[in-house]
């Protein structure tokens, strides 16, 4: 009886693997496709542009700094696979004026054709204790990280729906899945992206447009180097419990998931566990993905409790360490 049940389970899993591709999105062909990357002048955004260019795409880079854009353009063009490929640079702040963003997207489409994939990678980070952060910091991060993704997406969505093809990628963060000490402003802006993405996916799925949310861990980029200058001790120690990833590795995974139309894009085993743990009511791309989430949830939640306990211990140790000089002063 037990053997029969095991055989039935194996047969069921095999059936899921066979049926899953039939309900999954058709992969997006990158050769000749027009890919727009915001925040594409450095870091993960630039590496995503390179990865798409290596697969034959036409690239529009969007960022604020013209000098960095031109340097990124030169770096990307080294990876061309044919002489027809083009890298277009547009200098604009995607978080300030929707009409301006819409106009530059129209200009890009006039030159390189309709946008097949939009990668929202423009973003910034700021850390500090909740009561020590300026209120303007919360406004700034919501403007850049959230509205800086809303505006470009709004500018391309109508054409994608009309053509019934497209990919929209939102680059969030593991801090957009798990709230951490020092990231009250940053995490909230990254959590907002997921809510936007889930609602948008439900709207555009009937039009064969698919949304991907990427949750990269700490990545070796200029942005991380700048963030580390002011990062609280507690935040730094918690961050050091996981390895720093290379931007090329992160970019390759994001592009792969976007092509496949996967809603979640995670990096490494920790990223996979975190995405499974926080899946909630998020869309799934395949039956197999949903089954994996159901099967692993209990185990991953158990592991997560140990992580949370470790993080709380780090915060307590730092508090005790900071309190010691005060105790010495009172007894002196």
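Including glycine, each Cβ sits where the backbone N, Cα and C put it.
For 26-270 (among others), the entry in Swiss-Prot reads topological domain 'Cytoplasmic', with the evidence type sequence analysis.
Panel annotation: around the motif 'GXSXG' (39-43), residues 49, 59, 61-63, 65, 68-69, 71-72, 119-123, 171, 219, 221-223, 247 of the same chain, lying at least six beyond its termini, place a Cβ under 8 Å from a Cβ of the stretch. The annotation motif 'GXSXG' is assigned in Swiss-Prot to 39-43.
Within 10 Å of the C-beta atom of residue 93 (NADPH binding site) sit 16 other C-beta atoms, taking all shown protein chains into account. Per Swiss-Prot, the feature NADPH binding site maps to 39, 41, 42, 43, 64, 68, 93; the stated evidence is similarity to another entry.
Annotation source Swiss-Prot lists active site, proton donor at 172. Listed in sequence order, the residues of the same chain lying 6 or more apart from residue 172 (active site, proton donor) and placing their CB within less than 8 Å of its CB are 190, 191, 193, 194, 213, 214, 215.
The annotation active site, lowers pKa of active site Tyr is assigned in Swiss-Prot to 190 on the grounds of similarity to another entry. According to DSSP, residue 190 (active site, lowers pKa of active site Tyr) is assigned to a helical segment.
If you look up Swiss-Prot, you'll see 271-291 (among others) marked as transmembrane segment, on the strength of sequence analysis.
The transmembrane segment feature in Swiss-Prot is assigned to 294-314 (among others).
As annotated by Swiss-Prot, topological domain 'Cytoplasmic' applies to 315-332 (among others), with the evidence given as sequence analysis.
The most crowded of the recorded positions listed here (64, 68, 190) is 190, judged by how many other CB atoms sit within 10 Å of its own CB. In the structure shown, the C-beta of 41 has more C-beta neighbours within 10 angstroms than that of any other entry among the binding-site residues 41, 42. Here the transmembrane segment (294-314) has Cβ contacts under 8 Å with residues 180-181, 234, 237-238, 241, 273, 276-277 of the same chain, all six or more residues outside its ends. Per the record's binding annotation for NADPH, residues 39, 41, 42, 43, 64, 68, 93 show a top Cα-Cα distance of 17 Å.
DSSP assigns residue 43 (NADPH binding site) to a helix.
For the binding-site residues 39, 43, the ranking by surrounding Cβ atoms (within 10 Å, all protein chains) places 39 first.
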